Structure formats: structure tokens, C-alpha cells
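J.: Sharing a structure here in C-alpha cells format.
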Amino acid sequence: MSQVKYKRVILKVSGEALAGSQGTGINPEVISHLAAEIKSVHDMGVEIGIVCGGGNMWRGETGAKMGMERAQADYMGMLATIMNGLALQDGLENLGVPTRVQTSIEMRQIAEPYIRRKAMRHLEKGRVVIFGGGTGNPYFSTDTTAALRAAEIGADVILMAKNGVDGVYSADPKVDPDATKFSELTQLDLISKNLKVMDRTASSLSMDNDIPLVVFNVNKPGNIKKVIQGENIGTVIKGGK
Ligand code: UDP
């Protein structure tokens, strides 16, 4: 294997990242770009698990605001993450990357159910595993899913693929010209500085299990590879307490 800092990773792809500039839905060009980026690190022998968000299609919160029962709306969000996962699988298979989709809510006709040991076996065999359906529970997020799956499969890092944002800033760089980028933070910093990188459940799970996080801009070609090789792009958030 060529020089890599992380051997087994969880890549968290938010729904927003899949929508590209159109903001909602799935953008085929983004899927092709992402698939090529993922392939480039797969070719280096890196074991890759992917957790897809669903916010490009549906969020439970939105449904709740419309008056729906929160749990019902959240299940719809979980289904959205599976659609994204299938789109990403298609993109990866077009490039000849072997993949499996595992869902936390059973849908045996289209994907395997999530089985931790099986997922790890797939990774060892060089298959990219896409985890769809979030945790399978309402009131959680796919950020929490990423932290959970990372802990379960013993991932070295969570790579937070952002759409156009190259790390964590002190303020929104699009609004505040004085916003500065952090190159390194801890999970505790996120809480004390009220930085909205991931929700608190995901943060505390990452902290308790000492899983680092790298927030980086996935739109720029070559960035996933740079992160894997340990280049200092984006923001590293240390997992430990
Ligand atoms: N969701 C859920 N439980 C989970 C993961 C996700 O209920 O374990 C639902 C929740 O409604 C959420 C939606 O799925 O709003 C989409 O996930 P998320 O908001 O995390 O996606 P992202 O913001 O990454 O696109």
C-alpha cells in the first residue's frame, strides 16, 4: 500500500454534498466526481465505509415543522439516505469499484441488512461498504451514524466531506470577512465554542471512542487523497477527551 495515514476510514457524505450547486436532489456530476475521488483512495488499498446523509431530499425536522409526527418524519429521512447510498453505489460500480450497501432498516431486495462482522469482512476484501438508513432510529442523525459505525468497525478516522467549505471557521466565512479557519480543534472545543460541525450526540460518541474527524472540502479534486496521505488541508478534530 502506498503512503497512507489512515487505513480504514468512514467517509461521511452529507445529502447537501450530493446535491451540488442545485441544492436539492442528486446531482449526477457530483456522484461521478465523488466516485472518482473515492476510487483514487480505494486504489491505494484504503478500506472505506461510507455513511450518506439525506438532507438533500428530506429531514425529519422539516416534517415535524410541517406538523408531522417526528418519528414518522425521521423514518422518511432514513429512507432518503438509502436512496443516496444507492446512487453512490451506482457511481462507484460504473468505475469498477466493488461495493455493498448495508441498510439499518431491512430491504433485502435491494441491499444487505447491516451486519457488523459482514461489513468488516467486505472491507477486508476490498469492497467499499455504504451504510444506508442512518442508525435505524428516529431522533438521530447521520453524523451520529458515522461516529457509531466508525467505532463499531474500528475506523481510524471520520472524513467529513463538505460541499465547498474547506474546514471549520470561527464564523461563517461567507458572511464574516474576519472568520478564521482552525487547523486543529478538539471535540470539547466544538462544544465550548459552539461550533456547529456535528451534533452533540455524534460529538460525544467520537470523543468517548477517541475517533478523530477531518472536515474538508470534497469538491476540490484530489482532496480525499490528500487527507488520507496526512496532508494538512481542512480541520482536524481530535477525538480524545
Ligand atoms: N435520520 C434518523 N436517524 C438516523 C439518521 C438519520 O432519523 O439515525 C433521519 C433524520 O430525519 C434526518 C434525515 O434522516 O433529518 C437525514 O439525515 P441527516 O439530516 O443526518 O442528513 P445530512 O444532514 O447529513 O444530509
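Placed from the backbone N, Cα and C atoms, the Cβ positions cover glycine too.
TrEMBL labels come from automatic prediction, so no person has curated them.
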J.: Where TrEMBL shows G54, T135, G136, N137, P138, Y139, F140, S141, T142 binding UMP, which of D74, D166, D172 is named for the same site?
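T.: The record-listed residue among the candidates is D74.
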J.: For the region 'Involved in allosteric activation by GTP' (20-25), how many residues does DSSP put in helix, in strand and in coil?
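T.: Looking at the region 'Involved in allosteric activation by GTP' (20-25) with DSSP, the answer is 3 helix, 0 strand, 3 coil.
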J.: List, in residue order, those binding-site residues out of K12, N163, D172 with a Cβ under 6 Å from any atom belonging to ligand 1.
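T.: The binding-site residues passing the 6 Å Cβ test: none.
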J.: For the region 'Involved in allosteric activation by GTP' (20-25), what's the mean pLDDT in this predicted model?
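T.: So the average pLDDT across the region 'Involved in allosteric activation by GTP' (20-25) works out to 90.
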